[in-house]
């Protein structure tokens with residue numbers, strides 16, 4: 001490259017523009033030290049719809065077995081102490097309880113949709129139970 005003659009310029013009290021360009025270039029070319037990649041986030045509702053499809057396909061129990069068994073034993077103790085349960089009896093109770101809850105949530109969802117909402121609320125559960133004549 002050929003050298004060119006530089007003419008004198010009057011300073012206006014600011015920083016030299018060459019320094020600014022140098023720092024910008026340094027920032028662009030320098031590797032980012034905090035290069036932690038953000039985890040991928042799905043749009044709201046996508047994961048919920050995927051879970052709905054997953055659980056509608058499956059037939060396994062949704063509640064854990066041991067916590068449900070402890071709950072059954074705790075409730076049964078109010079009526080009679082030293083009761084014993086066959087494992088199949090607890091499983092039958094759990095199947096019935098989950099079937100009841102799934103049906104209740106289906107009716108609750110219909111009540112929310114009827115109210116032009118997509119979010120279920122306690123008043124939807126109360127209405128569904130009232131229509132079923134479970135609670136007057």
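Heads up, the Cβ atoms here are built off N, Cα and C, so glycines get one too.
The following features are taken from Swiss-Prot:
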- 1-43: region 'Disordered' (REGION)
- 1-13: compositional bias 'Basic residues' (COMPBIAS)
- 5: N6,N6,N6-trimethyllysine (MOD_RES)
- 5: N6,N6-dimethyllysine (MOD_RES)
- 10: N6-acetyllysine (MOD_RES)
- 19: N6-acetyllysine (MOD_RES)
- 19: N6-methyllysine (MOD_RES)
- 24: N6-methyllysine (MOD_RES)
- 24: N6-acetyllysine (MOD_RES)
- 28: N6,N6-dimethyllysine (MOD_RES)
- 28: N6-methyllysine (MOD_RES)
- 37: N6,N6-dimethyllysine (MOD_RES)
- 37: N6,N6,N6-trimethyllysine (MOD_RES)
- 37: N6-methyllysine (MOD_RES)
Using a 10 Å radius on the Cβ of residue 5 (N6,N6,N6-trimethyllysine), the other Cβ atoms enclosed count 4
Helix, strand or coil at residue 37 (N6,N6-dimethyllysine) [DSSP, three-state] | coil
Just the number: how many Å between the Cα atoms of residue 37 (N6,N6-dimethyllysine) and residue 5 (N6,N6,N6-trimethyllysine)?
-> 48
Neighbour tally for residue 37 (N6,N6-dimethyllysine), based on other Cβ positions within 10 Å of its Cβ | 5
